[in-house]
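As recorded in Swiss-Prot, the features of this protein are as follows:
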ACT_SITE  HIS117  active site, pros-phosphohistidine intermediate
BINDING   LYS11, PHE59, ARG87, THR93, ARG104, ASN114  ATP binding site
Amino acid sequence: MAFETTFVMLKPGVLQRRLVGEVLSRFERKGLVLTALRLLCVDTATAELHYAEHREKPFYPSLIAYITSAPVVALAFKGENAISLVRTLCGSTRVEHAQPGTIRGDFALRTTTNIVHASDSPESAARELALYFSAQDFVEWRDGNYDFF
């Protein structure tokens, strides 16, 4: 098993609907270790860098508008197979395919505003973590309860 650090963004809808604690606890209950957290307003330039691979897709303008519309919570989690685990917890990006019990299945209302972003690969995680955090933002710590998860 790979010990990884991954990036998660709780999108504006999570804050607007007062779901931050509930969504955050889903990751914590699976034993992921929170190593960085920021509440921020994403500017257009950062949003465009983050979602550059979607630039030519029809939903790109609305995605950028959504991400920059209100604050987001940027998170870094560490754990065994963290990237895969986080994506499983989040569920399908398409709301109609998101299973009940997943974050999107339980809370997302529309695909275009699917409430959470999660890195899909080690390369994406590294790029996204660097986009939202600097080295001093990370707190390395050993969770004494880690072996119980």
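Positions of Cβ are set from backbone N, Cα and C atoms, glycine also.
Sequence features, as recorded in Swiss-Prot, placed on the structure.
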| residue | record | Cβ neighbours (10 Å) |
| --- | --- | --- |
| LYS11 | ATP binding site | 22 |
| PHE59 | ATP binding site | 12 |
| ARG87 | ATP binding site | 20 |
| THR93 | ATP binding site | 16 |
| ARG104 | ATP binding site | 22 |
| ASN114 | ATP binding site | 22 |
| HIS117 | active site, pros-phosphohistidine intermediate | 21 |
Cα of PHE59 (ATP binding site) to Cα of HIS117 (active site, pros-phosphohistidine intermediate), in Å and rounded, measures 15
Greatest Cα separation in angstrom, residues LYS11, PHE59, ARG87, THR93, ARG104, ASN114 binding ATP per the record, works out to 21
The residue listed as 'active site, pros-phosphohistidine intermediate' -> DSSP, reduced to three states, gives strand
For ARG104 (ATP binding site) and the residue listed as 'active site, pros-phosphohistidine intermediate', the CA-to-CA distance in whole Å is 10
